[in-house]
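Some notes on the structure that comes next.
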Amino acid sequence: MTVLHSVDFFPSGKAPVAIEPRLPQAAFPEHHHDFHEIVIVEHGTGIHVFNGQPYTISGGTVCFVRDHDRHLYEHTDNLCLTNVLWRSPDAFQFLAGLDQLLPQEQDGYYPSHWRVNQSVLQQVRQLVGLMEHAGDGMDAPAVANREILFMQLLVLLRRSSLMEGATNNDAKLNQLMAWLEDHFAEEVCWEAVAEQFSLSLRTLHRQLKQHTGLTPQRYLNRLRLIKARHLLRHSDHSVTEIAYRCGFGDSNHFSTLFRREFNWSPRDIRQGRDAIIQ
């Protein structure tokens, strides 16, 4: 597995934060690093496999990667990222208690992926721009200024995450997409889902298409197929059982959609034939 080292990314041996834009981010094999990372998805779509679990990501997704996590990107479509790298909680001179603003693992579950709305994403861009142009002076005021900007970024993300319960349409769509991640295998009635999240059906269709480039049903199918591919690689369940577990009522239809999406059959994935080009 590829290991990325801080010496190759941080501007100096003492700098606690670095900015790495990926415009766009191509598919990238599994890796980990000796630093922490906040991944901010500007726009586009892709699959982020995080510690073996696949997540669909799009504009407004924010992922918090720790120094012991492993991840990769695949199936990317104009995926543009800004990576905010930071060494460790004890690398800062003026900041303490950062863990209170970051996602925390509880009972083995780490809420690594958050979502923010487009207006917040614009504020994030402005803050990151200030961080990029803050200079590399090592006198106390310069260092403090850079650390303050990083703290402002964490506060903005924390306040704007799903946990803060914003009520505009962007936030409602983010909540809906998070709900689909957990309920993808269920039968989904879009009218009922729209009502559940206080969106009109028309707004749901329009906003999901703007965020992901996909219609709601196409987005749900892709989500199901991504989860199915993960099970094909990492479980002993039969293809038919996996199809049903992932919300498909007919295994033949599942196989047709799977091949159309990934250019491999479920059996090919089960046998590892795609690994040659990973």
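Cβ from N, Cα, C; glycine included.
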Legend entry - Per Swiss-Prot record, range annotated DNA-binding region [choices 59-80, 103-124, 191-212]: 191-212
Inset, instruction - Tell me which range among 143-166, 167-190, 239-262 Swiss-Prot lists as DNA-binding region. - result: 239-262
Legend entry - Residue distribution over DSSP helix, strand and coil in the domain 'HTH araC/xylS-type' (174-272): 72 helix, 0 strand, 27 coil
Legend entry - Rounded to the nearest Å - Cα separation of Asp250 (site 'Interaction with sigma-70') and Glu241 (site 'Interaction with sigma-70'): 10
Inset, instruction - Could you tally the C-beta atoms, other than its own, that fall within 10 angstroms of the C-beta of Glu241 (site 'Interaction with sigma-70')? - result: 13
